[in-house]
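S.K.: Summarising the annotation, Swiss-Prot assigns active site, nucleophile to CYS89 and lists sequence analysis as the type of evidence. As annotated by Swiss-Prot, active site applies to HIS176, GLU178. If you look up Swiss-Prot, you'll see SER231, GLY232, GLY233, VAL234, ASP235, SER236, THR237 marked as ATP binding site, on the strength of sequence analysis. The XMP binding site annotation in Swiss-Prot covers ARG304, ASP462, LYS517, GLU523 and is backed by similarity to another entry. What Swiss-Prot records for 13-202 is domain 'Glutamine amidotransferase type-1'. Residues or ranges marked as domain 'GMPS ATP-PPase' in Swiss-Prot: 203-400.
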Amino acid sequence: MSSIEQVNEVFDTILVLDFGSQYSHLITRRLREFNIYAEMLPCTQKIADLHFKPKGVIMSGGPYSVYAEDAPHVDHAIFDLGVPILGICYGMQELAWINGKQVARGEKREYGPATLNVLDKEDALFKNVDHSTVWMSHGDKLHGLPTGFKVIATSDNSPYCGIVHESKQIYGIQFHPEVTHSSNGKTLLKNFAVDLCHAKQNWTMKNFIGTEVQRIRDLVGPTAEVIGAVSGGVDSTVASKLMTEAIGDRFHAILVDNGVLRLNEAATVKKTLVDGLGINLTVVDAADEFLDNLKGVTDPEKKRKIIGNTFIHVFEREAEKIKPKDGKAIEFLLQGTLYPDVIESISFKGPSQTIKTHHNVGGLLENMKLKLIEPLRELFKDEVRELGELLGISHELVWRHPFPGPGIAIRVLGEVTREQVEIARKADHIYIEEIRKAGLYDKISQAFACLLPVKSVGVMGDQRTYEQVIALRAIETTDFMTADWYPFEHSFLRKVASRIVNEVDGVARVTYDITSKPPATVEWE
């Protein structure tokens, strides 16, 4: 075990073993809502390789059949840990398969709500859960009780809705308590973690700050220095502030102005980070370099790669100018990785298919021989926002809408020129300004304007015009995996469109995108 304590060694941890369910991450989120630290690992995790002992284990659902030849299976060593275990859906079927192969294909798939009937009213898992609505989503079923188990809950269509081992705290449930459709599902998960596993409810961002600051100091040491890229977004700002709290001016933040940032972004970020938060920041104006490299490029993937490669080149060049006080080279690179990024990479079947190339600084590690430091890698976005406010970062910045790494370059459809960027930038500024004036900014998850690669006939004064088209986008979402368009009042859209056409030269028409995700993505490119 490392001498530097990890989060799962400091806080009581519920281990969630992922069998591939689309709901698996929700188990972790629900437990954290009760201030219980939960961590997800692939179901194939070797228990001998764990560097911590969990207080309990939850086996998630999954899209497979336990009896299939290529079905994933858990390391049987989890049963030697001596901690409570809860199998959900596929996880329950895994328990049944291990203990007598009591699983078969159902006559029909059961998907939707069911009413839970608890037989053992004294069982701690089902305290305050009886006769509630639960959510079913399974095609296989138990055709008999696993060896050593008894039934403790049923539903109209499932005689084995809940089972428990006769002498051990090993539970199986056929439904999904982690989804909101299960009315008392969160209560059941809390019962498991608190009443059965006796996990302490001390996972708070206030406690995390002290733990993480000390961990950073132990990791970096008394003299080493750290560099990191900042964008003005919440993730990089919170990570930078946390690093500054830990090691002061031995952290060097670099903001690369790539020419496709929001209006007045570089100046705003500098004022916020340096004057407001005391972060050691260098601003690099590389707009010409980026825009020159983007000349003639229309393919969105090529844009992303050009911006990513140019960023690495500029960042490396600026980092070489930093001379650490101890005379040694920079050792560490800060990155604002969040827990959803970690979750996406842990699947035993491999990460999900790439839809878009993500703009990050991964290439810097290999090129500059840096060690990666990720202080936010255990946190969900809502936890990062809470952490940011505790660190004294303004509400406005903490709740700022996401902005893509490639910036306005992927909001100018087609070739990116200085003129096109300026049109999109000004239109976006007007749009966001009006959203704020209307008191809607915090109700909307993300909003932006993009410039379409088409022209449209218009009339300005007595003159016929033939100019460009702006598309407005605004969405509501909880996780950015799915999203719906925001239903503005027509009067609001009329006002925004009027301002853009009258105040931004080169625009003849404004449209509003009413496509949900899926089928569309949030960004146009």
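If you go along the chain as it appears here, the first residue is 1 and each next one adds 1.
Heads up, the Cβ atoms here are built off N, Cα and C, so glycines get one too.
Thinking about packing and proximity, how do these listed features fit into the structure?
M.R.: In the shown protein chains, 22 other C-beta atoms lie within 10 A of the C-beta of HIS176 (active site).
Around the Cβ of GLU178 (active site), the same chain contributes TYR23, LEU26, ILE27, ARG29, ARG30, ILE88, GLY185, LEU189, each under 8 angstroms and 6 or more positions distant in sequence.
Counting only same-chain residues at least 6 apart in sequence, those with a Cβ under 8 Å from the Cβ of VAL234 (ATP binding site) are VAL384, ARG385, GLY388, ILE393, LEU397, VAL398, TRP399, ARG400.
Mapped onto three states, the DSSP output places ARG304 (XMP binding site) in helix. Counting every protein chain shown, the Cβ of ARG304 (XMP binding site) has 20 other Cβ atoms within 10 Å.
For the domain 'Glutamine amidotransferase type-1' (13-202), the model's average pLDDT works out to 90.
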S.K.: How many other Cβ atoms are found within 10 Å of the Cβ atom of LYS517 (XMP binding site), counting all protein chains shown?
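M.R.: Around LYS517 (XMP binding site), other Cβ atoms within 10 Å: 16.
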S.K.: Please give the greatest C-alpha separation between any two of the XMP-binding residues ARG304, ASP462, LYS517, GLU523, in angstrom, as a whole number.
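M.R.: Binding-site diameter by Cα atoms for XMP: 42 Å.
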S.K.: About how far apart, in whole Å, are the alpha carbons (Cα) of LYS517 (XMP binding site) and GLY233 (ATP binding site)?
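M.R.: About 23 Å separate the Cα atoms of these two residues.
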S.K.: List the residues of the same chain that sit at least 6 positions away from SER231 (ATP binding site) in sequence and have their Cβ under 8 Å from its Cβ, in sequence order, or write 'none'.
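M.R.: LEU255, VAL269, PHE403, GLY405 - these are the non-local Cβ neighbours of SER231 (ATP binding site), listed in sequence order.
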S.K.: Since the record lists SER236, THR237 as binding-site residues, which of them has the fewest other Cβ atoms within 10 Å of its Cβ?
M.R.: SER236
S.K.: Suppose we draw a 10 Å sphere around the Cβ of GLY233 (ATP binding site). How many other Cβ atoms does it contain, all chains included?
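M.R.: I get 17 for this one.
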S.K.: State the three-class DSSP label for THR237 (ATP binding site), counting H, G and I as helix, E and B as strand, and everything else as coil.
M.R.: helix
S.K.: Work through the binding-site residues one by one (ASP235, ASP462, GLU523) and point out the residue whose CB has the fewest other CB atoms within 10 angstroms.
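M.R.: Checked ASP235, ASP462, GLU523; of these binding-site residues, fewest Cβ neighbours within 10 Å: ASP462.
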